[in-house]
Amino acid sequence: FLGGCSFDEHYNNCGYSVALGTNGFTWEQINTWEKPTMDPAVPTGSFMMVNSSGRASGQKAHLLLPTLKENDTHCIDFHYYLSSRDRSSPGSLNVYVKVNGGPQGNPIWNVSGVVTEGWVKAELAISTFWPHFYQVIFESVSLKGHPGYIAVDEVRVLAHPCRKAPHFLRLQNVEVNVGQNATFQCIAGGKWSQHDKLWLQQWNGRDTALMVTRVVNHRRFSATVSVADTSQRSISKYRCVIRSDGGSGVSNYAELIVKEPPTPIAPPELLAVGATYLWIKPNANSIIGDGPIILKEVEYRTTTGNWAETHIVDSPNYKLWHLDPDVEYEIRVLLTRPGEGGTGPPGPPLTTRTKCADPVHGPQNVEVVDIRSRQLTLQWEPFGYAVTRCHSYNLTVQYQYVFNQQKFEAEELIQTSSHYTLRGLRPFMTIRLRLALSNPEGKMESEELVVQTEEDVPGPVPLESIQGGPFEEKIYVQWKPPNETNGIITLYEITYKAVGSLDPSADLSSQRGKIFKLRNETHHLFVGLYPGTTYSFTIKASTVKGFGPPITTRIATKISAPSMPEYDTDSPLNETDTTITVMLKPAQSRGAPVSVYQLVVKEEKLQKARRAADIIECFSVPVSYKNASSLDSPHYFAAELKPINLPVTQPFTVGDNKTYNGYWNAPLSPLKSYSIYFQALSKANGVSPEIIKVGSVHMTTSVLIGRQQVTTRNPPSLLSTGDYQQQDILYTERNTRVRINLIVFCFLFLFWIFCPSDWLSIFRRNAYSYSYYLHSSQCFRGLSVFYRTRKLAKKQKETQTSTQREMGPVAASDKTSTKLSAVHKEEAFSSSCQDVNGFTSPSPCSFSVQSKTLQSKSLLNSYYSGESLFCLPIFKTDSSHGEMSQPTLTIQTHPYRSCEPVEMSYPRGQFQPAIRVADLLQHITQMKRGQGYGFKEEYEALPEGQTASWDTAKEDENRNKNRYGNIIS
């Protein structure tokens, strides 16, 4: 057979070859028959041999057999010989089997460390068949210091199995997945000996020791060898090798194929999302690793969880269901190839979140645990994801209430879990509220609660609502409830005190107080005040929670006319033909200090004596003696005195021919009748427009009878200095009228003799005040009538008793009246002799003066230097209103304005004192003089025609509204 050689001929003829070793160490063909040797260590015959003498260790020489392509079982045997002179091992002999021109690998048979006793036979059972081929290589390895010979002879290739070396059956390829153990099963024919050595030899020469050997029968045994080198994808070759006493057996090479399990390249595709499901497409067409794919699986898990579930996919699309709402899931695809460990790692993840689902229910067990005036504390049953079904949700409180007939709605976000305090509410308010649980998919509400907040202290009384109506000794104040009552108003507290007065001598220490008004009383009349004084009013409202913040305003009373003193004596101090001495007493200031005293002399006409005797006047227009004639004035100012000139009661002579503060006190004419008046003026300094009050008293009346004078009332006088004036002017005027005066005097003298009682009743009456009130537009105008004093004692007593009876209702009704009225804007004059407390004032006249309304402005400016003494209207009213209404009061920082409020002294339906018929003419004259205060304006202020039926007018409550009845009554 090819491959055998006896080496009788040259080895080249057998197809053998020799590879030259290191430093000439090589195989040599020896034939001792042709060339004998004398070395006894060299065997005889023809053979191949290497001489290891003098060689370094590890030198190799190779003898290469021809390449064999066998197709059937065969055996290779050979003889080997190892010898040396010193009986030591000359080296080692190795046999290699190189398959398919591959690597030489490791020896399958070797011998070393021994010397043989002659030639020894060995067998090689090689199980490599066509189409594979192999080559046997003999390798000798030298050993330094061990000279000797290594020889090989009689190499045969036999066509039958080896007798001692086992033959391997076909070794099968093994395919495993990465990371799995690979196991080769080597099955050999022959007998197994425990001395046999079996191992697995790798293509690159790496050997793996035997793991398990099992005898199948007496002709077969098997061995299992595990290969652990499967950590990565690869293909490698392994064969089984056994060494026995008779030689070695070697199997064919089998492949170990390590496959990588498949993994998808792309994540699964998301098709649809729901609250509890996800539709996906696995995307398993593009993979990394080895196929074939025999199984597709979907693995999903939550991104925050530690669990995972795997579902087998048997369709192109797959639906994951029974998922949790609003949860983020991570979805991967698993692919599996055949073999253990064929499931590859999960592919790239698809991270997606399910939708939220509607809440299961709204907040439950909602209750209000704390109620206060401006806040509510709510509490409810805690809930979690099982109720919300969404990690992103809002819990809000929705509430609404009605305030001032307007509906207010609001919503607040709740951040806490089981309780919340709702702040910023309005006190004493009915509030409807509910909790709402909402997420992006739906909303659930709790049951509605209806609660009411507690009361709180009220807000301040609106400053603009406080209105004051000032009088001289009273102030009427009204206000409105606070804009924010914050509950039920139970009480109002009004504190007042005087903060300043125009009268520096006023004692204001007692001018303070505090009152309380019920919730339905939003007005009050403060009495007993001091004129010309500014009062501070502090108002605050109260609920059951207490008083609210106070609000303060200032209102000032009006100044009052100076109070003229009473005169006790019944006779003048002295009388002459041209003078009369009277006693002047200082007036008492009321609200403002007395600025000046004025002495007025009025000439009385005899034909008007009776009517004029009943009138006492205030003289607002200053007329000097010189101007009286040119102006046809019946009176003139005889003197003007400063308060410092009248510190105490002092006498003063009228007609002393002196000048007092620019006024000539001219001598009186013995042929004329005079009335002497003494008046005091008070002015509110620093007020615009200026307010001047005049208090006047009728001092005396001088009537000439023959050459004597009859004088009534107390004649006052005052010490003063002045320049003496020439009397020529006086006597010139007297001479021109002397004859007329004598005739008048004689007539009056005869009349006085024959009618003494009637004459005295005219000139000797005490001064009293009767008020006649005329309804005009919206205001009541008071006209005071004065008549002369001094009558008989008996008549005086009867008159006083009668007057007190008549004036009684005036004082009584004044204290309870809260009605205010006003006069027409065009009214220029108003006077009253009854003071604001309801009793007759000793001062007969009172004026409010404003310079811009004077008709003779130039004349007053020349005397008062800008101060106006002309009587002004105290109230202003809108003439378009035809009936009485509640006046509109305005808060004033100072009480003095062009119009002053005056209270109505007599309520409707009550008794009013009667007015003498003899006085009615004088009243009408006063009204005509008032320019806008007469009957004509009264009718013009009322609407035309009948405004209601006569039956309606006859009702008691409408009696005062009847235009005709009002005027007559």
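Each Cβ is built from the backbone N, Cα and C atoms, and glycine gets one as well.
Positions annotated as domain 'MAM' by TrEMBL: 3-164.
DSSP assignment over the domain 'Ig-like' (166-257) gives 0 helix, 53 strand, 39 coil. Residues or ranges marked as domain 'Ig-like' in TrEMBL: 166-257.
Look at TrEMBL and you will find 264-357 (among others) tagged as domain 'Fibronectin type-III'.
With helix defined as DSSP H, G or I and strand as E or B, the domain 'Fibronectin type-III' (362-456) counts 4 helix, 52 strand, 39 coil. Under the heading domain 'Fibronectin type-III', TrEMBL lists 362-456 (among others).
For the domain 'Fibronectin type-III' (457-563), the model's pLDDT averages out at 93. Residues or ranges marked as domain 'Fibronectin type-III' by TrEMBL: 457-563 (among others).
According to TrEMBL, the feature region 'Disordered' maps to 946-969.
Annotation source TrEMBL lists transmembrane segment at 738-755.
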Composition by DSSP (helix, strand, coil) of residues within the domain 'Fibronectin type-III' (457-563):
3 helix, 53 strand, 51 coil
DSSP helix, strand and coil counts for the domain 'Fibronectin type-III' (264-357)?
0 helix, 41 strand, 53 coil
